[in-house]
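What Swiss-Prot annotates here:
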type	residues	note
BINDING	R39, R45	NADP(+) binding site
BINDING	R132, S133, S134, N251, A252, G296, K311, P312, I313, P314, T315, R337	FMN binding site
Amino acid sequence: MRYLTSGESHGPQLTVIVEGVPANLEVKVEDINKEMFKRQGGYGRGRRMQIEKDTVEIVSGVRNGYTLGSPITMVVTNDDFTHWRKIMGRAPISDEERENMKRTITKPRPGHADLLGGMKYNHRDLRNVLERSSARETAARVAVGALCKVLLEQLDIEIYSRVVEIGGIKDKDFYDSETFKANLDRNDVRVIDDGIAQAMRDKIDEAKTDGDSIGGVVQVVVENMPVGVGSYVHYDRKLDGRIAQGVVSINAFKGVSFGEGFKAAEKPGSEIQDEILYNTELGYYRGSNHLGGLEGGMSNGMPIIVNGVMKPIPTLYKPLNSVDINTKEDFKATIERSDSCAVPAASIVCEHVVAFAIAKALLEEFQSNHIEQLKQQIIERRQLNIEF
């Protein structure tokens, strides 16, 4: 299973092609659009999300509500393109026209791809870099993840997310499954403890007033995974490695951990390893879940707990020092329309990126041409955990 996205932030559309989805999977576009809507929400978002109304159009790979087993193409229209039609159009324009529209960027933003991308691809107008490196591309990745969540639901696998920390204000590290799911999306910062939600909003408002931005930590939980997905045999087949690669590929994400993560370094092994238990109903299970559902690069049947660290967004309304690439003179960095905090939205993006990593691993573990075949193999693996 793989996918390819295309499109620029202010171009006409984002396009994604997904290959490897089994045939006969029931897909309702409204289920995908429900997930797309979640990405647009969250306290601290900028004006762009007031313009866009992200919805997906499926243009191939699905017929009469069911997947065909062929590549699935989805399109997300950029409504904001109407304001950028000439500057982002395909037809050539003169340097004078470009200058008059004041859209040329020569002052790279610290922490963004602007300068290095310009060097690498020889772009003197850094807009050519930021249009593709923008987090707008994550809308396409959420569409992919939403499709994967439809698949996972058919396998009785649940995946959900929350915000753990914003700007140093922290929620509890872990919640039991029932509390977690009962409190999803109860507030606009996506935190479980409603008592700290306002403190987070205040922190975001403070950053916005100061022309600054703040980051945070998000958490994704995957429940009811069959055991043994992934592998200890080769580095590139380890499930935690694959999830980690996906998470740190999200714009502005700078760290990932599983279960107790970096806190494991502070504790003895006797407090971190999860004891193996058995009963005839569950089969093998663990007495705790410090390791976040992963051992030896494989799922162990416990909830997979993924923590992702998002740095503050690099576009600042109180810009940092930079250098004009044409004159080499000191300037303040370019200001682009941006969010003061995108952590709540990033939790949704992270959830869908993890959903793809899980779905991809399952389809490699249980190679299946159609959904019925996949379901049967999952049932057999779950039974193995009891009978082994």
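Quick reminder: no glycine exception, Cβ is built from N, Cα and C everywhere.
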- request: If we count other C-beta atoms within 10 Å, could you say which of the binding-site residues R39, R132, K311 has the fewest?
  value: K311
Statement: Least Cβ-packed of the binding-site residues A252, I313 (other Cβ atoms within 10 Å) is A252
- prompt: Out of these binding-site residues, S134, T315, which one has the fewest other C-beta atoms within 10 Å of its own C-beta?
  reply: S134
Message: Max CA to CA distance in Å over the FMN-binding set R132, S133, S134, N251, A252, G296, K311, P312, I313, P314, T315, R337?
response: 44
Message: I need the CA-to-CA distance for S134 (FMN binding site) versus R39 (NADP(+) binding site), whole Å please.
response: 15
Statement: For T315 (FMN binding site) and R39 (NADP(+) binding site), the CA-to-CA distance in whole Å is 19
